[in-house]
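According to TrEMBL:
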BINDING   Ser31, His62, Arg82, Val83, His84, Ala114, Ser213  phosphate binding site
BINDING   Glu194, Asn236  purine D-ribonucleoside binding site
DOMAIN    25-271  domain 'Nucleoside phosphorylase'
Amino acid sequence: MCEISEKLEKAKEYICKRAGIKPAVGIVLGSGLGNFAERAEIVSEIPYEDIPCFPRSTVEGHKGRFVFGKIGNTPVVIMQGRVHYYEGYPMEDVIMPARIMGLLGIKTLLLTNAAGGVNKGFSAGDLMLIKDHISCFVPNPLIGKNLSELGTRFPDMSEVYDRELSGRIKACAESLGTELKEGIYCQLTGPSYETPAEIKMLSVLGADAVGMSTAVEAIAARHMGVRVCGISLITNMAAGISEVPLSHEEVKEAADKAEVKFGALVERFIAGLSE
Ligand code: HPA
């Protein structure tokens with residue numbers, strides 16, 4: 001087994017050879033939002049399975065590749081499909097893609113996900129700007145020897161989701177006439193959905209949405225000094241708030257329905273970063 005830094009170096013070297021463009025912005029696409037890459041002027045596509053030492057996504061509906069290209073004039077790397085902790089990977093593998101994007105030179109990372117609505121003011125289909133997160137129900141992804149070439153041992157997390165970038169996202173939503181909720185995202189491990197009691201607890205703790213990704217990637221990116229922003233698509237109201245049992249099909253269906261409004265918002269935001 002290679003050391004983490006060795007794995008990162010090998011994967012980065014391989015990707016650099018095939019990418020054909022130096023990305024300034026990374027975009028992670030959540031469940032069912034994978035078609036967003038069609039909006040890019042694509043330069044190259046690298047399936048995760050081709051990349052040495054790289055984890056593979058096993059979730060249905062996740063394509064599993066990096067797409068390099070341009071959105072407007074902004075050079076981007078898009079992660080079509082992410083790796084989740086519940087798939088059984090160690091946390092160091094879960095955050096490896098985020099770290100690689102950092103090593104490829106991105107300055108900004110946009111994280112997107114599908115999430116359950118905890119805030120009773122939300123409805124399925126809403127978009128939520130992530131203002132902050134609660135990650136303490138999952139292992140901290142920086143546990144272990146600190147990779148000092150990436151960042152400091154005790155990184156500050158007082159503003160994970162960059163205020164200026166968040167302001168730009170809000171302005172884009174407004175200009176498109178798209179309603180954008182705001183709130184706190186809580187990451188749990190999954191893969192089972194929550195119980196109504198757990199959702200009640202999360203609500204008391206101040207969470208507005210719940211999901212199974214994102215916060216650990218945000219931590220890894222901030223460790224490296226990458227600016228982070230995030231948008232959740234509320235695909236369903238969480239257990240106990242919704243009367244009906246939850247299913248992955250429902251999540252995918254809602255994600256498909258919101259794809260156009262979500263895609264338009266992300267496209268405008270990303271293109272605007274180089275204007
Ligand atoms: N809970 C956790 N993760 C989710 C949900 C949910 O209700 N919906 C989409 N991802």
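A Cβ is built for glycine as well, from the same backbone N, Cα and C atoms used for every other residue.
Where the annotation comes from TrEMBL, it is an automatic prediction and has not been curated.
What you see is a predicted model, and the numbers here were worked out from it, not measured in a lab.
In this view, Asn236 (purine D-ribonucleoside binding site) is surrounded by 22 other Cβ atoms within 10 Å of its Cβ, with every protein chain counted. Selection of the binding-site residues Ser31, Arg82, Val83, Ala114, Ser213, Asn236 by a Cβ distance under 6 Å from ligand 1 yields, in sequence order, Ala114, Asn236. Residue environment of His84 (phosphate binding site) contains 22 other Cβ atoms, counted within 10 Å of its Cβ in all protein chains. Using a 10 angstroms CA-CA radius around Asn236 (purine D-ribonucleoside binding site), the binding-site residues that qualify from Ser31, Arg82, Val83, His84, Ala114, Ser213 are Ala114.
When the alpha carbons of His84 (phosphate binding site) and Glu194 (purine D-ribonucleoside binding site) are compared, the span between them is 16 angstrom.
The DSSP secondary structure for Val83 (phosphate binding site) is coil. On the 0 to 100 pLDDT scale, the model's mean across the domain 'Nucleoside phosphorylase' (25-271) is 94.
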